[in-house]
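As recorded in TrEMBL, the features of this protein are as follows:
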BINDING   A:CYS119, A:CYS122, A:CYS159, A:CYS162  Zn(2+) binding site
REGION    A:1-22  region 'Disordered'
Protein chains: 2
Amino acid sequence: MHRNPDPRGTCAHEETHGRPVDGDAVESRARAYAVSKGVPFTPMRQSVLALLAASGKPMSAYEIAEKVSDARKLKAVQVYRALEFLQEAGCVHRLASRSAYFACDHLHGERETAVFMVCAQCGAVQEAASELVARGLRGAAKTTGFRPRHPMIEVEGECAECAGTPER
Amino acid sequence: MHRNPDPRGTCAHEETHGRPVDGDAVESRARAYAVSKGVPFTPMRQSVLALLAASGKPMSAYEIAEKVSDARKLKAVQVYRALEFLQEAGCVHRLASRSAYFACDHLHGERETAVFMVCAQCGAVQEAASELVARGLRGAAKTTGFRPRHPMIEVEGECAECAGTPER
DNA sequence: TATTGTACTGTTACAACATTACACCCTTGA
DNA sequence: TCAAGGGTGTAATGTTGTAACAGTACAATA
């Protein structure tokens, strides 16, 4: 997991990568979810989401704790709690391959298969929803009786910008 | 990561799951790789691979360290070293979604896309190579200029046996 | 107003996963 | 003989994630 001391943001294009997602849209979704659950959309949740949306790149919980610009210094456990809510709300996803979290302004249906393409160099995440992949998955599953649950897959690779940059 | 204290082997079908992979085949591959690299296929590497092949299920490095039946008690770091070699050799894969490692007797070509279906209940892994998924991935990648590197994707779900078992 | 219930916050402690660093021991080959 | 390269053993540490518990805020209700 630590093959690269900081797998996020080590690329020459660091500044141009990680295009911010639509912070307002994503926050509205979170607020709507909070209302639907009858729980508050607290400043803590708002700060974490805003940071992730603005950065537009995956960040570890500890990185988030450091960077949330707030007088107080957050503990990781507090960040995890906010992330739990935001993941339930569908505004944030966890990248298992990097143990990192990122904001996402797409709405993923139950039947959809989201493909997250993670750049191994700069850590930027691009998203796609491929019907072909979804069908392939269903086909592969059918032959074994397997029932896919979380239609979210991660693919490592190299983004267009980093591919054009031989060495950073 | 610790949502389930032992995500591997908590299913009623524990004994029948995790069919062993072909230990001999997988060991030959490891030996061939060792020869090609001019490094030895040591007893340490052999034990770890044999355990994984026999169990046929993903195991954490610490679990491997405990279970390697050897006079000595292995430290995690020793297991990680063996796993590193075995992954390079293509005999063992890491399941990012579970931080676990498993032996695999398939040979994955550079262009192939391996799909690993992981049962959320019993932890068993089933494998498929879907051309449809591969094409879908290439298509999704093409639109963004992304270049997939590690054609290995993980899907969580429920295996046929566990699906037939409402509660364990 | 007082009480109660619910959910968030802050803090400590710890469990699980993974790497770094270093000393030592082999084997191979000059 | 001895230097080089790689494997092993060991300790220490870093990173990621949870559990448990006390305190706080706020709304609903008596």
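Any Cβ shown, glycine's included, is placed from N, Cα and C.
TrEMBL feature annotations superimposed on the structure.
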residue: A:CYS119; record: Zn(2+) binding site; Cβ within 10 Å: 26
residue: A:CYS122; record: Zn(2+) binding site; Cβ within 10 Å: 25
residue: A:CYS159; record: Zn(2+) binding site; Cβ within 10 Å: 26
residue: A:CYS162; record: Zn(2+) binding site; Cβ within 10 Å: 22
Among the binding-site residues A:CYS122, A:CYS159, A:CYS162, say which ones reach under 8 Å of chain B by Cβ distance, listed as they appear in sequence. A:CYS159
